[in-house]
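Asker: Let me give you the structure first, and then I'll get to my questions.
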Amino acid sequence: MEAFTTHTGRAVPLRRSNVDTDQIIPAHWLKKVTRDGFEDGLFEAWRKDAEFVLNRPEHAGATVLVAGPDFGTGSSREHAVWALQNYGFKAVVSARFADIFRGNSLKNGLLTVVLPQETVERLWTLIEHDPTTEVTVDLLARQVRAGSITADFDLDENARQRLLEGLDDIDLTLRREADIAAYEARRPSFKPATAQV
Amino acid sequence: MGRTLAEKVWDDHVVTRAEGEPDLLYIDLHLLHEVTSPQAFDGLRKSGRKVRRLDLTLATEDHNTPTLDIDKPIADPVSRVQLETLRANCAEFGVRLHPLGDVEQGVVHVVGPQLGLTQPGTTVVCGDSHTSTHGAFGALAFGIGTSQVEHVLATQTLPMAPFKTMAVTVQGELPAGVTAKDLILAVIARIGTGGGQGHVIEYRGPAIEKLSMEARMTVCNMSIEAGARAGMIAPDETTFAYLKDRPHAPRGADWDAAVAYWRTLRTDDDAVFDREVVIDASELSPFVTWGTNPGQGAPLSAAVPDPASYTDPSERQAAERALEYMGLTVGQPLRDIRVDTVFVGSCTNGRIEDLRAAAEVLRGRSVAEGVRMLVVPGSVRVALQAMAEGLDKVFTESGAEWRHAGCSMCLGMNPDQLAPGERSASTSNRNFEGRQGKGGRTHLVSPQVAAATAVLGHLASPADLITDPALAA
């Protein structure tokens, strides 16, 4: 996984709540068997509208998405994270994320930043007023900075360290091989098995 | 202090626990399908890893599979490649697979329980958010992303952050004609699509205890629609009776040991939930959605709400957007909404009891002129059972289409889709914009409401069929 320390870039204000993963990447894109090439599917239906915020020329090349509450609800599709990353987003800010989406993001190095809705509103106003505003998402300091706005955010320390160092979760778990084997040795015999192997 | 059901199951699966780290949880059952697994198998290949526990892993094909002409090559080349990729991966790594055409094929969340693989006190994961279905057995079951699918394939474990607990206590008794689907839609409307975020919900109380296993699966299935990590129901005699003699249920001494353990899986009297919601079942009635998220629902007897009635600005804006997308007007009675398509099926309502309920309403009646009705069993086994009971004939004689098992019109990944602007009454789980096909409009309903809607051509409950003078005659 790519490490994330700090990122500065322009932002897109997405004034919508309950942005579900079917909107982020529609199901027909999920037939692909790779992790790349999803950028054109990102918000596919909404992007058909020339006025949709992602289509506005002043937001071209933006790398931080500032969205309404309950971002990433619905399906567990990790393709939603890949689509945001393939398009160029490095971080998403929202007052509330769906759990599975957030987990998927952190596993891929897409930083999801939880800020109060009131701060999100201030960021929206700032970015809409001046689309060239640079937003800094600083994981070292756990802080978002833009114009006169400085907002601290929480992220549990373990997840933060994994992101900062770009650690591979599977490698970390495999260091516990002896513990896993010991657990397996004490599993009851009545536990289900899909087949005799 | 006592522990909740969810905490007991969690504690029994902790492989390692250390300060400042997520618990490493052991996974008892890993279900796979074609959509969220290819990149995970690629990851294994790249790092030279194997599947750690083939005996705890099972794959089926469901999302892309057509429900017509299943003996012919799959027309969509991209879908075909995805299914072929799953077949090649399962063959290469040795994973048990039930492909299209196999008697055990079906929607992954229908297949696991019917095989008896989903058992109380187990941890179940799948790269699919509706894995919460399996919580109906008192399993801790949750959807995961593809990175986690790879993690489970390689290690049979997952590092998991702690969760909070929520009790949804359903008092009283569901009135006649009110189903598990109406109940869960009402719960989601009450707590919102983010209301369960970070929580494992335990559904409890007399109305839950009375539900059949299949109805419990419908309830737990939609826990994710309330934003919950998982949904669970404590196992009881209903659970044990359902599991007894299933192909993968324990046998002999193992059965006795299992049941003894399963009986301990109840929330202790002195356990404390982080949050508690109480619902009175006797106040519920058939419930449908009018908007574009599953929390935007109302009793069928209500009217399309006025967005101005929402105090929260983002909810108000969401309601405005939803009404525009859905092509509805404020104050329009929900019963007046006419549909083009009716879909009965999915991991929410594609089991035999759902098909029986829909058939009961349709028996001796006809699908309205201009309405297309698809009935899609959740698995081949469900289809065979329905045919043994003659339900397929009831459906086809009423003018509905009887299809092959799969996810079908629940999501736009296979040929069963709505055309732009088309409106459906659907027993599935999501009414998101474009969920059933680009520009399609979805109203989530129970199987009974779906069938009555098919007959009348507008949103309706079976009670409307009797009060309609034209049909009562």
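Heads up, the Cβ atoms here are built off N, Cα and C, so glycines get one too.
Annotation source TrEMBL lists [4Fe-4S] cluster binding site at B:Cys347, B:Cys407, B:Cys410. According to TrEMBL, the region 'Disordered' annotation covers B:418-442.
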Asker: Could you tell me what the rest of the chain brings near the region 'Disordered' (B:418-442), counting residues at least six beyond its ends with Cβ under 8 Å?
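Answerer: Hits for the region 'Disordered' (B:418-442): 130, 181, 221-222, 225, 288-289, 291-294, 296, 325-327, 337-350, 354, 409-412, 449-450, 453-454, 459.
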Asker: Taking the Cβ of B:Cys347 ([4Fe-4S] cluster binding site) as the centre, count every other Cβ atom within 10 Å, in any protein chain shown.
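Answerer: I get 28 for this one.
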Asker: Near B:Cys407 ([4Fe-4S] cluster binding site), which residues of its chain come within a Cβ-Cβ distance under 8 Å, counting only those 6 or more away in sequence?
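Answerer: Residues satisfying the criterion: B:Asp62, B:His63, B:Thr65, B:Val107, B:Ser346, B:Cys347, B:Met413, B:Asn414.
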Asker: Work out the three-state DSSP category of B:Cys347 ([4Fe-4S] cluster binding site).
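Answerer: Helix, per DSSP.
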Asker: When you measure from the Cβ of B:Cys410 ([4Fe-4S] cluster binding site), how many other Cβ atoms are you left with inside 10 Å?
Answerer: 30
Asker: As a quick check of your reading of DSSP, tell me how many residues in the region 'Disordered' (B:418-442) are helical, how many are strand and how many are coil.
Answerer: 0 helix, 6 strand, 19 coil
Asker: Return one of helix, strand or coil for B:Cys407 ([4Fe-4S] cluster binding site), based on DSSP.
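Answerer: Reduced to three states, the DSSP call for B:Cys407 ([4Fe-4S] cluster binding site) is coil.
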Asker: Specify all same-chain residues, apart from the site residues B:Cys347, B:Cys407, B:Cys410, whose Cβ lies within 8 angstroms of the center of the Cβ atoms of the [4Fe-4S] cluster site, ordered by sequence.
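Answerer: For the [4Fe-4S] cluster site, the extra neighbours are B:Asp62, B:His63, B:Val107, B:His109, B:His130, B:Gly345, B:Ser346, B:Thr348, B:Gly350, B:Gly378, B:Gly406, B:Ser408, B:Leu411, B:Ser428, B:Asn429.
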